[in-house]
C-alpha cells in the first residue's frame with residue numbers, strides 16, 4: 001500500500017505559542033543565603049546583618065524595563081484569511 005501524505009485538519013486560528021519562561025529574580029540567591037544564615041545562627045543574629053542589608057538593597061533596586069510583547073499572533077490573525085485561501089471563518 002503506497003504511503004499517503006498526512007493531511008492535517010483545517011485550523012480555526014493560526015497561532016504561535018510563546019515559550020513559557022519564568023522571569024529570573026536576581027534576589028533569590030541573596031534571599032536563600034539570608035534564610036540559610038538565619039537557620040544556622042538564629043533569627044536575631046548580628047552576623048547576618050550584612051546579608052540582610054544585601055537583600056534589602058537588592059529588593060529596593062529598580063526593576064528592569066519589561067520586554068516588548070511579540071506581535072506574531074496579531075499578524076497571523078490579520079493574514080489568516082489570505083493564508084487559508086479566503087475560506088470563511090466558522
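Backbone N, Cα and C atoms are what each Cβ position is placed from, and that goes for glycine too.
According to Swiss-Prot:
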- 27-58: disulfide bond (DISULFID)
Problem set entry | DSSP three-state assignment for residue 58 (disulfide bond) | helix
Exercise. Which three-state DSSP class does residue 27 (disulfide bond) fall into?
Worked result: coil
